[in-house]
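Record features (TrEMBL):
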type     : residues : note
DOMAIN   : 94-382   : domain 'Sugar phosphate transporter'
TRANSMEM : 93-114   : transmembrane segment
TRANSMEM : 126-146  : transmembrane segment
TRANSMEM : 158-177  : transmembrane segment
TRANSMEM : 212-229  : transmembrane segment
TRANSMEM : 235-253  : transmembrane segment
TRANSMEM : 274-295  : transmembrane segment
TRANSMEM : 311-334  : transmembrane segment
TRANSMEM : 341-361  : transmembrane segment
TRANSMEM : 367-384  : transmembrane segment
Amino acid sequence: MPLNSPDRLLGRLDSEDASNLVLNGERTVLISREQNGDLSPVTSGRRDVVSRSLSGAKSFCDDEMDLEDGKVEKDRVKTLRCYRPIKLHNQALLSGLAYCISSCSMILVNKFVLSGYDFNAGISLMVYQNLVSVLVVSILRIFGVISTEPLTWKLVKVWFPVNVIFVGMLITSMFSLKYINVAMVTVLKNVTNVITALGETYLFMKHHDKKVWTALFLMIISAFSGGITDLSFHAIGYIWQALNCFLTASYSLTLRRVMDTAKQVTKSGKLNEFSMVLLNNTLSLPLGLLLIFVFNEVDYLYKTPLLKMPMFWLVTTSSGFLGLAISFTSMWFLHQTGATTYSLVGSLNKIPLSIAGILLFKVPTSLENSLSILFGLLAGVFFAKAKLRELSQS
């Protein structure tokens, strides 16, 4: 009997099986696109089969409404129909919402752990989050959900300098977030774009047009005006944030140089998102443990009562899952839409994040500071559009 036969589909496929088939097909699409840059023939064929099967089931059951079990058949068709619009029409919306929610939640949860619980061991928090990511990715790899490159000694040697910057980037982000409110952190992070653009100009001889430099200039103005009008200004937090901007830009620039070399030492000649997540987080664990002793967080962890609270462990564990979710959802959203939509949504997403940060943590603010924050967020959107226009012209 043919695979897309309605009799076979309705004879063996209940609502749960239908959902599994659709979701497994989508999962294969994500993995195939990540590894090959497009749909493989097998995956494309599978999606065609699913589409033809559902279409065949619909037409078949419409003809069988006069049978005694027509009610059962009708219910099954309704169940199958429930999955069709999600599969065919709402993937971009769902992936976009998942990306926005995970990215906003990650920052808010970290802020809550560091400031709400007054947790003074940011390095330990980073190590625990990365450990959660390593465990989850490893489990998914074992069950065949995702594929990653094996961690060879050659790959580790190539990637280690990037990982040192990666760890510094995460740690300085933790320290700055403890002292600065979420809205100002969001605005100050725009300085990273300025440093990155300067690095591209002097290291890679890449030229930017006037609109890009105008947007970068507006970002600098918003950062200075926001800092001056910040009612909760904390010098230590701003110093950590300045270091974070420098390290984040360095990570971006160094990654471009190392990526090609890293691909050459892998077995497949590729290095997908999951491999980079596993590589970065695995290598960060020994370095993070060393820094825990250097910054003497061991004594604090031994004395703090927070580690005896189950709710604290629940929140910190969820932050680890959220950090990993950002990698998954960003890749999913990028594949469902494109670079233009992904970049603009990422910039616009900072607006509700800033508002939520001010309201949830009851940040004291003024009209001048609020306008500076809004100005910086809009400058970020303008920068994203200018960069996309520059890329389209080149």
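Cβ coordinates come from backbone N, Cα and C, glycine included.
Within the chain carrying the transmembrane segment (126-146), a Cβ under 8 angstroms from the stretch's Cβ atoms is held by residues 27, 31, 167, 170-171, 174, 274, 277-278, 280-282, 284-285, 288-289, 292, 316-317, 319-321, 323-324, all 6 or more beyond its ends.
Using the rule of three or more Cβ pairs under 8 Å, pairs at least 6 apart in sequence, the transmembrane segment (93-114) is not in contact with the transmembrane segment (367-384). Under 8 Å from some Cβ of the transmembrane segment (274-295) lie the Cβ atoms of residues 34, 121, 123-124, 126-127, 130-131, 133-134, 137-138, 140-141, 146-149, 151, 155-156, 159-160, 162-164, 166-167, 170-171, 266, 324, 327, all in the same chain and six or more residues away from its ends. Remote same-chain partners of the transmembrane segment (158-177), defined as residues 6 or more beyond its termini with a Cβ less than 8 Å from a stretch Cβ, comprise 107, 110-111, 114-115, 122-123, 125-126, 130, 185, 188, 236-238, 240-241, 243-244, 247-248, 250-251, 254-255, 258, 261-262, 265, 279-280, 283-284, 287-288, 291. For the transmembrane segment (212-229), the list of distant contacts is 184, 187-188, 190-191, 193-194, 197, 238, 366, 368-369, 372-373, 375-376, 379-380, 382-383, 386-387, 390: same-chain residues at least six beyond its ends, Cβ to Cβ under 8 Å. The domain 'Sugar phosphate transporter' (94-382) scores a mean pLDDT of 91 in the predicted structure.
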